[in-house]
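Features as listed in Swiss-Prot:
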type	residues	note
ACT_SITE	D712	active site, proton acceptor
BINDING	L595, G596, S597, G598, Q599, F600, G601, I602, V603, K618	ATP binding site
COMPBIAS	345-355	compositional bias 'Acidic residues'
COMPBIAS	387-396	compositional bias 'Acidic residues'
DOMAIN	428-547	domain 'PH'
MOD_RES	Y93	phosphotyrosine
MOD_RES	S203	phosphoserine
MOD_RES	S206	phosphoserine
MOD_RES	S217	phosphoserine
MOD_RES	S351	phosphoserine
MOD_RES	S403	phosphoserine
MOD_RES	Y469	phosphotyrosine
MOD_RES	Y508	phosphotyrosine
MOD_RES	S554	phosphoserine
MOD_RES	S748	phosphoserine
MOD_RES	Y755	phosphotyrosine
MOD_RES	S916	phosphoserine
Amino acid sequence: MSAPPLLRPPSPLLPAAAAVAAAAAALVPGSGPAPFPAPGAAPAGGISFHLQIGLSREPVLLLQDSSGDYSLAHVREMACSIVDQKFPECGFYGLYDKILLFRHDPASENILQLVKIASDIQEGDLIEVVLSASATFEDFQIRPHALFVHSYRAPAFCDHCGEMLWGLVRQGLKCEGCGLNYHKRCAFKIPNNCSGVRRRRLSNVSLTGLGTVRTASAEFSTSAPDEPLLSPVSPGFEQKSPSESFIGREKRSNSQSYVGRPIQLDKLLMSKVKVPHTFVIHSYTRPTVCQFCKKLLKGLFRQGLQCKDCRFNCHKRCAPKVPNNCLGEVTINGELLSPGAESDVVMEEGSDDNDSERNSGLMDDMDEAMVQDTEMALAEGQSDGAEMQDPDADQEDSNRTISPSTSNNIPLMRVVQSVKHTKRRSSTVMKEGWMVHYTSKDTLRKRHYWRLDSKSITLFQNDTGSRYYKEIPLSEILCLEPAKPSALIPTGANPHCFEITTANVVYYVGENVVNPSSPPPNNSVPPSGIGTDVARMWEVAIQHALMPVIPKGSSVGSGTNSHKDISVSISVSNSQIQENVDISTVYQIFPDEVLGSGQFGIVYGGKHRKTGRDVAIKIIDKLRFPTKQESQLRNEVAILQNLHHPGVVNLECMFETPERVFVVMEKLHGDMLEMILSSEKGRLPEHITKFLITQILVALRHLHFKNIVHCDLKPENVLLASADPFPQVKLCDFGFARIIGEKSFRRSVVGTPAYLAPEVLRNKGYNRSLDMWSVGVIIYVSLSGTFPFNEDEDIHDQIQNAAFMYPPNPWKEISHEAIDLINNLLQVKMRKRYSVDKTLSHPWLQDYQTWLDLRELECRIGERYITHESDDSRWEQYAGEQGLQYPAHLINLSASHGDSPEAEEREMKALSERVSIL
């Protein structure tokens, strides 16, 4: 241990700032003894001295209060602050009045002199901090948590009750000090036992390593009595503002915080006798972790043990290791504060986790559902670049000021409701090697280095270069068959092994050596690509590439494919059903082009082999569902077969095998959610939203006319036909759709919770107005970039609170007509909710510019299905009255097509739809 520093007065000419720097330099290794200023030579504005806590010494600066005096209480608070940061496991929380201060006086016989008033402290003194004998052991055990709302990107569990934290974002609370996670409902029950491991600093590292000197002032004690009164000041530099002065609290200064249970309750509980737990076998209805080893309690029932008194949960194997610290049933104001109090209670509507069962399917894709879209939407605040950086700062949610002007609703994101699927790397080489072939146009057998990936077969000149002879796209391969006798084989030449047929040429691949001159050594495959073994491996590899999504373990026959014998093709266009048609002979599926995934399958990109037309192919694995749900798998196909509308995605055909269903649809550009999230502000302007919503409503009107309710309407299921700023949109994904009559109700579980009406969430009967609620949510998320409801509150209560639903940011920029339409769509009572035609007639959608944009779209696609001829004269008259320009080509179109039989037929059909819906 080094000798204590020599205390000596500095030179009288030493400036005040230099004296502070010299005092700070005393803690730097190798800087020699610490020079102290002469007593009474206080720098302007405060007294500079050192605080000694055990073996740690810190320079501090005591500032004057507004009355010009010094306060001893501020010195005690400063000492507690140093202990909290350097020794968080021994925090002095609330012990300001139990700290004694002693001044080192080498000239006195008793070196330590008790400091009774602040004036006893002189410039350059060394003050020893001693804990009074009146401090009890319980005082050291009480360390409150710093709880802040946190968004988790992976499933997490409450460290108090052990149950999973449910929800999409802001699922629970995280302590800044110890990093533990809790339910919001558990906040009042959490014991004040924070360990502070996340913000712990090595006790042998001085806080002055940051180049700062601690200061204390009485100016802030009234506003924040429990905060450390610290203001870092760099020697020789200007002092920072008080708002930047709280080290260790810089990150969450503006975030919504929660407080734990009262400290008086902890003192009361510490006086209770701790006894062994009384464990009994328990069955849990929700995912729960062992509160001893923090691992999941696995199983369907009787997963673990629970204490009858305090509800502590653990594994059977962990029970002997649990300490005897049961406090029994602890209640305050009639409420049970034990850890697992709600572990076997079914939650009611309006509680924090009332979506737990409904959202269970969402947890499989929590990492995918909250990727960069969510990070960008949440990053609205700024993190202070303070010295004590949180090691988990990249996973903290950004600072969000809680005020009436800011929306705290869930940010808009892509909600995935399927089993997690990872996207394969594009252009992955599936097989490569030397191979020989000749064609129907050239009988000369050639040898190339073949490389097979997910989209093509490339014939390279050699195995290292990039120059290639030919590329055979897999989408152009019409047939893969074993070798047949051919007249093209030269006399005396060896026959080929298999054939690849395209529209223009047939490739005869491989060479079957009938009479080999010498067998290859050790039965190894010849490197030249000759022989039946190497050809057989290539045939199997190409067959798998042509049908990349066949079930694992299925055999691929070289002759008659096993799928061809049992597959069925249903053509939607002409209602023809063909037996023994394999989808791989008609379409090429690209396994690395995943367009999306839904409740019942994955959607891949594909191509028609003969025409080269791009398609989207949804592949449904029937083995994932019970037999009784197979009818639901075909529900989408059955509905789309009867739908032919420009606003609904076109279904081409369907293939079915015992294991899978292949639904082939037209391929579009993207979806509406991608358009919203990629926009400049993360939300759409009103004129674009009107344009898209009108098209959605027209498609819905056609569905409702046929008594079809979509039941899962959301931006992900609204596809864009092009990348234009004003694109055509089409509805897709009818897996949840239902046939519901005009006055009928259904009760089956449907849809995505974030877009579902309250009657579905409450398991009540619903009708076609369910889709209109979803339209209201789509309008809301399009204009604001957030979901309209917070998961913590009852939907009905939130709707009644206009300040909550429509905070000034961003709703002050949005018209009152849009808000009025949203209010009429988000009606909890179904009979008050707007219908399709009433929504289309709303003033917000009856907009001249929107009508012009829709007419231009109809002119581009060559079909009029959104607007009606009867409105032409009205809008033309409106343009004349308002002095607006009416496009001349629209006048000519209405004059030329107004009297045609086709126009009359379309008009009568549209009129009948409106009358039927009304």
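A Cβ is built for glycine as well, from the same backbone N, Cα and C atoms used for every other residue.
Structure with Swiss-Prot features highlighted.
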residue : record                       : DSSP (3 states)
Y469    : phosphotyrosine              : strand
Y508    : phosphotyrosine              : strand
L595    : ATP binding site             : strand
G601    : ATP binding site             : coil
D712    : active site, proton acceptor : coil
Y755    : phosphotyrosine              : helix
Checklist entry - For the modified residues Y469, Y508, which Cβ has the most other Cβ atoms within 10 Å, all shown protein chains included? => result Y508
Next on the checklist: I'd like to confirm something. Which of the recorded positions, L595, S597, G601, V603, D712, has a Cα closest to the Cα of Y755 (phosphotyrosine)?
Outcome noted: D712
Checklist outcome for this item: Check: min Cα-Cα distance from S597 (ATP binding site) over recorded positions Y469, Y508, D712 goes to D712
Next on the checklist: Tell me the Cα distance separating V603 (ATP binding site) from Y508 (phosphotyrosine), rounded to the nearest angstrom.
Outcome noted: 33
Checklist entry - How long is the line from the C-alpha of V603 (ATP binding site) to the C-alpha of Y469 (phosphotyrosine), rounded to the nearest angstrom? => result 33
Checklist entry - Rounded to an integer, what is the Cα-Cα distance in Å between G601 (ATP binding site) and D712 (active site, proton acceptor)? => result 15
Next on the checklist: Tell me the Cα distance separating Y469 (phosphotyrosine) from D712 (active site, proton acceptor), rounded to the nearest angstrom.
Outcome noted: 49
Checklist entry - Where Y469 (phosphotyrosine) and L595 (ATP binding site) are concerned, what is their Cα separation in Å, rounded? => result 32
Checklist entry - With DSSP, how much of the domain 'PH' (428-547) is helix, how much strand and how much coil, in residues? => result 21 helix, 39 strand, 60 coil
Checklist entry - If you average the pLDDT over the domain 'PH' (428-547), what number do you get? => result 82
Checklist outcome for this item: Sequence-ordered list of residues in the chain of L595 (ATP binding site) that lie 6 or more positions away and have a Cβ within less than 8 Å of its Cβ, or none, is V603, Y604, G605, A616, K667
Checklist outcome for this item: Within 10 angstroms of the C-beta of S597 (ATP binding site), the count of other C-beta atoms across all shown chains comes to 20
Checklist entry - Over all shown protein chains, what is the count of other CB atoms within 10 A of the CB belonging to V603 (ATP binding site)? => result 20
Checklist outcome for this item: A correct count of other C-beta atoms within 10 Å of the C-beta of G601 (ATP binding site) gives 25
